[in-house]
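Written out below as structure tokens is the structure these notes cover.
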Amino acid sequence: MQRRSHIQLLIDALRLSRFNNLIIIFITQYAGAIFLLNADLSIWYVIGDFKFFILVVSTVIIAAAGYYINDYYDIKIDLINKPERVIVGHTIKRRPVMIAHTTLNAVGILLGATVSLWIGVINLICAFLLWWYSNQLKRLPFIGNFVVAGLTGSTLLVLLVYYRSPDLLTIIYAIFAFGITLIREIIKDIEDMEGDANYDGMTLPVYFGMRRTKIIVLVIIVPFVTSLIVFLLKIQNQYLLYYFATLTIPFLYFVYKLIYADTKKHFAYLSSYCKWLIIAGIFSMVILKF
């Protein structure tokens, strides 16, 4: 019985860390290093780089700490928005969550510093922003969304610091990750607006209402897609251009579903859909290797 409770505790700890998202971060950084920054070299060159492995692990650990502190501060809101998924204060008490958050941050920053001083500083800044976001920024219109999107894009931009290479293609993918994440975070705010409104969370949908927030998302999509097209034309990779052109079909479908979305279930679907768009973007990196 005790062993079963330990297994359940481990499962809940992994759920709290958004383990699926951590895997995506891990794959994204390795894919970026293999297919974007070292496309002319053997895959084993990156896989055999132990310092790079430490960099990726440190990024994943900082992200896990961010998810822990986010749920720590969001207990009351989550009890309204998704009561069946609340872990903090139920199966795992609040104090151990805070201890885990602090420990993970310390480990992530120290690991980053062993790679280079700059990586350690970047991890420190990311850890602080994730805490600040959970504590305050996520309850402000747009600012919290922008910070999370920026942190998502930074998972690729940090590779430029490691390899000391201002690679345009990596910047394009960082913009893609930033744009899709920004859209997804606003969609998630619409999905969770009931709980946010009850606890003075001034997110975009609480401040402007659902309809105006949907218009804001549609307005964001225009410069996001335009900037992607401009950068893609600059690198002149026809296979990548064709791939992203193909992605416009599911993207147009997303726009169509957004226009007619008006229930929590609709926005939950759109949030998941955005994640699949990110995964599709990661997969496109493989094209550059062949």
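Using the three backbone atoms N, Cα and C, a Cβ is placed for every residue, glycine included.
Here is what TrEMBL records for this protein:
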TRANSMEM  21-46  transmembrane segment
TRANSMEM  52-69  transmembrane segment
TRANSMEM  103-134  transmembrane segment
TRANSMEM  140-161  transmembrane segment
TRANSMEM  168-187  transmembrane segment
TRANSMEM  215-233  transmembrane segment
TRANSMEM  240-261  transmembrane segment
TRANSMEM  267-288  transmembrane segment
_For the transmembrane segment (140-161), distant same-chain residues with Cβ under 8 A (at least six beyond the ends)_ = 25, 28-29, 32-33, 36-37, 55, 59, 66, 116, 118-119, 122, 126, 129-130, 132-133, 167, 170-171, 173-175, 177-179, 181-182, 185-186, 189, 202-204, 206-208
_Sequence-remote partners of the transmembrane segment (103-134) [C-beta within less than 8 Å, at least six residues beyond its ends]_ = 51-52, 54-55, 57-59, 61-66, 68-70, 72-74, 144, 147-148, 151, 154, 158, 161-162
_Contact set, same chain, for the transmembrane segment (240-261): CB under 8 Å, 6 or more residues outside the stretch_ = 187, 214, 217-218, 221, 225, 228, 232-233, 267, 269-270, 273-274, 277, 280-281, 284, 287-288
_Six or more residues beyond either end and a Cβ under 8 Å away: which residues meet both conditions relative to the transmembrane segment (215-233)?_
168, 171-172, 175-176, 179, 182-183, 186-187, 204, 208, 240-241, 244, 248, 251, 255, 258-259
_Within the same chain, where does the transmembrane segment (21-46) have neighbours whose Cβ lies under 8 angstroms from its own Cβ atoms, ignoring anything closer than 6 residues to its ends? I mean 6 or more beyond._
52, 55-56, 59-60, 63-64, 67, 155-156, 158-160, 163, 165, 167, 169-170, 173, 177, 275, 278-279, 282, 285-286, 288-289
